[in-house]
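Written out below as structure tokens is the structure these notes cover.
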């Protein structure tokens, strides 16, 4: 027997049989060892055929094991197990060779071994029984008229079932979600499929717009017989390219698998339509030196009309792969799939609603579907409808489902309190003093009350869970009845269809409504229930906020108070600039209330004024107030953009330049944090061409980066600071700190001389910051000293400065042209440095108070008050 005349699967089985011989200490390879090995081969054809014939393969393997354990064993140091083939095994292989010749094959394959085993092995005969003819029919069907001409023939057997899935069959089994809309694209696809030649549509559209759904919709129409007569008997197979490539170890194996698939499609004489998702992957697939890629293998069949093929790919990949191969491109007919609008998306979500309700066991409100479509369209800008809206609904349902599976917060708190009291009770029982006994009595009373409350809550939760389970059961029953109705209508079983449509389904709908109403009456409104089972627009808003960081969920009371007092919070940090603070806080309130222009940033401001008056501080304060951290501020120092070419750093380097893959500093920061404060500091230091980039941001709220991606700035606050006109402000400010009209005009003239009108015209407001007065300085002193006290808090030391000393600090450090910065330096010299020396010189105990006062010589005195022990 020549081992080279066997397929790889049979050779592998023989090698495994040697291992089994060693396991059972047998010198010969017995027939049972070979057959057991044939069963346990990867993707075993031997096992697959027996399973189809309804033979219990696990019991058969046990029977082989039992038989092997009865053979005489050989033991010793130099025994080579499985070195020889037994007479029975030899007889089986001879018989298999005869079957090979009768099938006109070139190699002994697994089906020959199976036929030989049925003829020669008693154990196999006993288990197969009277199913020999059934097995013969299965073998004929599996081979599909193919001959074994290679050592890997299994790839040619039932190739479509191995490397594809039948979409029409999945629709019949109710495994597919309904497809809503897309009628025009489906009709277009049907027209192209009905052509004589080049009847191959390719669906082109952005990721997530529903290309695959169009093919699923066509499969559903075929099942419903809602297609032209020429397509009624068709079936759609989706080709799994990854399965086609996976495990193709030898050169030419991939091509062999693809040829087997194409052969089956061709032999179906147009009955099979092949759907290839991500069709661009075929171009270059399997390409090695001197080999042909998969795309070239398809071309002849596509041109002759022997292969009905539907492709799907994205616009970018079509351009990159398919358009480059013009011979392949001309064999396909393009069908554009555009993104549906919000109204169409809402219709799609309404069609899918029931499926998601049954799957998650929740109830989805209609306003949740509307919110999912609208919020995803507005805030999730880097993905496409309807995919992103469906994802939102799915995530919200999963969130509610997770909550339903765990204890409600109220019950969880009571459980923890009961456990805490029980631990305390067991500890107090060991004490004998009166105080402990008295506490034990109080505790036992409290524990009794808590346990009663726990029992009541548990009972409520169980009742609600029971009711929800009943509602879920009815929903699932109704869904399966509707699927059965579709099947009955498709099969033409009118009696069953009538019974379902006019009897079963209305009855189930009535029962479901009664259950839901009873549940509503018993448990009250949704807000009063222990367990939430309703998905509302609030849950959708929460998910959008999680994904994007943009607060779109309903305002909670604490946030309302925070927004209404935003102006006061900012006033505490920014001294003397009331107009600027009010303008910025008003813009935030408008945005959070949802009445701002949805196509522009929340606000865009240009802050003008001398150095050190609070322009940058206001931007920091705003970021800190909105996000509880200054880190959410995107700060760009425009002094770094003095050259003309530096604009590429904002939006990313052009293709071909170093750093193209890294993206721009501004665009990447906003893509990661779409809800943020953007501070463009010292804008007059930048090159004038840099401002051209800002035009689209200020007007349309978007910017296209170097990779062609549109970045959304609609949820940002843009603040620019500049010192233009600061000299005019310093020279002409009134005593009360007010800015006169003439001064304002002079500053604006300076501004117009530097900035182009189209930039200034797009800004919401230009705010003039007035120079700080002496009164402002005393307030800033308070702020600086508060910050110092916060830093000393870790060391449990505090300072107290008298009003006289504070006034002196403010007056001495007052320099109008430099703002508040000199004051900071003055406080460092006059207060921080002496305190630091005192702390190093003598160790100050915790609780020490350092009192600072002004003496007669106009110098600061420091008095250390140590805590009394």
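Cβ atoms here come from the backbone N, Cα and C positions, even for glycine.
Annotated features in Swiss-Prot:
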| type | residues | note |
| --- | --- | --- |
| REGION | 6-71 | region 'Repeat 1' |
| REGION | 158-339 | region 'NBD1' |
| BINDING | 205, 206, 207, 208, 209, 210, 211, 212 | ATP 1 binding site |
| REGION | 340-549 | region 'Linker' |
| COILED | 390-524 | coiled coil |
| REGION | 442-465 | region 'Disordered' |
| REGION | 559-771 | region 'NBD2' |
| BINDING | 609, 610, 611, 612, 613, 614, 615, 616 | ATP 2 binding site |
What is the interatomic distance between the Cα atoms of residue 205 (ATP 1 binding site) and residue 612 (ATP 2 binding site), given in whole Å?
53
Return the single residue from the binding-site residues list (205, 207, 208, 210, 612) that has the minimum number of other CB atoms within 10 Å.
207
Sort out the sequence-distant neighbours of residue 616 (ATP 2 binding site) for me: same chain, 6+ apart, CB within less than 8 Å of its CB, listed by position.
679, 681, 721
Among the binding-site residues 609, 610, 614, which residue has its Cβ surrounded by the fewest other Cβ atoms within 10 Å?
610
Using the alpha carbons only, what distance in Å do you get between residue 208 (ATP 1 binding site) and residue 615 (ATP 2 binding site) once rounded?
44
Taking every residue in the region 'NBD1' (158-339), what is their average pLDDT?
80
What whole-number Å value do you get for the CA-CA distance of residue 209 (ATP 1 binding site) and residue 615 (ATP 2 binding site)?
45
Quick one: of 209, 613, which of the binding-site residues has the smallest count of other CB atoms within 10 A?
209
Cα separation, residue 210 (ATP 1 binding site) to residue 610 (ATP 2 binding site) (Å, whole number):
56
Coarse DSSP state, helix versus strand versus coil, of residue 211 (ATP 1 binding site):
helix
So among 609, 612, 614, 615, all listed as binding-site residues, which is physically nearest to residue 211 (ATP 1 binding site)? Use the C-alpha atoms.
615
C-alpha of residue 611 (ATP 2 binding site) to C-alpha of residue 206 (ATP 1 binding site): distance in Å?
49
Excluding 205, 206, 207, 208, 209, 210, 211, 212, please set out which residues of the same chain place their CB within 8 Å of the center of the CB atoms of the ATP 1 site, keeping sequence order.
213, 314, 337, 339, 384, 387
Quick one: pull the CA-CA distance for residue 609 (ATP 2 binding site) versus residue 207 (ATP 1 binding site), whole Å only.
48
What's the CA to CA span in angstrom from residue 615 (ATP 2 binding site) over to residue 206 (ATP 1 binding site)?
43
